[in-house]
Amino acid sequence: MAISSVPPLAFAFGILGNIVSFLVYLSPAPTFYRIWKKKSTEGFQSFPYSVALFSATLYLYYAFLKKDALILITINSVGCVFEISYLAIFMIYAKKESRAFTCKLLLLFNLTSLGLIIGGTRLFSHGDNRVRIVGWICAAFSVSVFAAPLSIMRQVIRTKSVEFMPFSLSFFLTLCAVMWFCYGFLIKDYYIAAPNVLGLSFGIMQMLLYVVYKDRKQQIQPQEANKDRKEQIQPQEAKIHDLNTIEGLNKALENSMNVVSNGQELEIIVIDHHDDEIPGVVVIRSKEPTTN
């Protein structure tokens, strides 16, 4: 479809879709800058980027089959460059197991599957039929791209932390889905429009999760700190030590406890202000006899 034949409103949504899609591809850049800076992939996963690369290459093939689909060719070419760059950084700093898993994904999606799709459609289909087959495959894998963040959403719910789900990515994915749905609907290309309905739904779900869990980690940390402090200041069971020895005195001073000196039972009370500027106070007194 030539650009001149695209309705003006559809062309406008196509340009906006290109701009927003570029921002979507750019949004993980801070994440990979962090990986590069820390020389570690931490808890980040390569699966969404592997699937996104496969989707971009598929739509690139679809755009070439449609002919004159410059809007699709432009953004999917950019997408391939971004995704390859991200995966290269991931492979450099990932652990051996993660690197091996990523290699398997690339072998499965971008070599085996893509090769079979291109080879199969070139051999067994022609003309518009080939375009329709590739369009259905693209639509199916677009759903996979939008569903890929489900693993990250599950991680957010499990850890109650949005650390590994950047809000910017969720926001731009949602906005991107709106733009491409409108573009596909206006040019009557439902292989583009239909999957973006699901993309919009997943994008909204991710943003809702971000709202729910963005402050949860800050709330949990003070509670854990208070719990740890309470455990630290729990009084220990009183013990009897011989005050006539240096070792006994040192042990006695650790906490308030009973001691024995020259046959007389004494009580040592340690008053700790928990302040570096105020010294602690040690009080030694005769232990009052207990009455039966």
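Yeah, the Cβs are placed from backbone N, Cα and C, and that goes for glycine too.
Database features (TrEMBL):
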type	residues	note
TRANSMEM	6-26	transmembrane segment
TRANSMEM	47-64	transmembrane segment
TRANSMEM	70-93	transmembrane segment
TRANSMEM	105-125	transmembrane segment
TRANSMEM	131-152	transmembrane segment
TRANSMEM	164-186	transmembrane segment
TRANSMEM	192-213	transmembrane segment
Contacting positions for the transmembrane segment (47-64) when only residues 6+ beyond its ends and CB under 8 Å are counted: 28, 72-73, 76-77, 79-80, 83-84, 86-87, 90, 102, 105-106, 109-110, 113-114, 117-118, 131, 134-135, 137-138, 141-142, 144-145, 148-149, 151-152, 191
Residues of the parent chain within Cβ reach of the transmembrane segment (105-125), under 8 Å, 6 or more residues beyond its termini: 46-47, 50-51, 53-54, 57-58, 61, 87, 133-134, 137
Feature contact check the transmembrane segment (70-93) with the transmembrane segment (192-213), CB under 8 Å, 3 or more pairs: no
Contacting positions for the transmembrane segment (70-93) when only residues 6+ beyond its ends and CB under 8 Å are counted: 3, 6, 11, 14-15, 17-18, 21-22, 25-26, 28, 32, 35-36, 39-41, 44, 46, 49-50, 52-53, 55-57, 59-60, 62-64, 99, 102-103, 106, 183
Chain residues outside the transmembrane segment (131-152) and at least six past its termini with a C-beta under 8 angstroms from it: 45, 47-48, 51-52, 54-55, 58-59, 61-62, 65-66, 117, 121, 125, 164-165, 170, 173, 177, 189-192, 194-196, 198-199, 202-203, 206
Folded-back contacts onto the transmembrane segment (6-26), same chain, C-beta under 8 angstroms, at least six residues removed: 71, 74-75, 78-79, 82-83, 169, 172-173, 175-176, 179-180, 182-183, 186-187
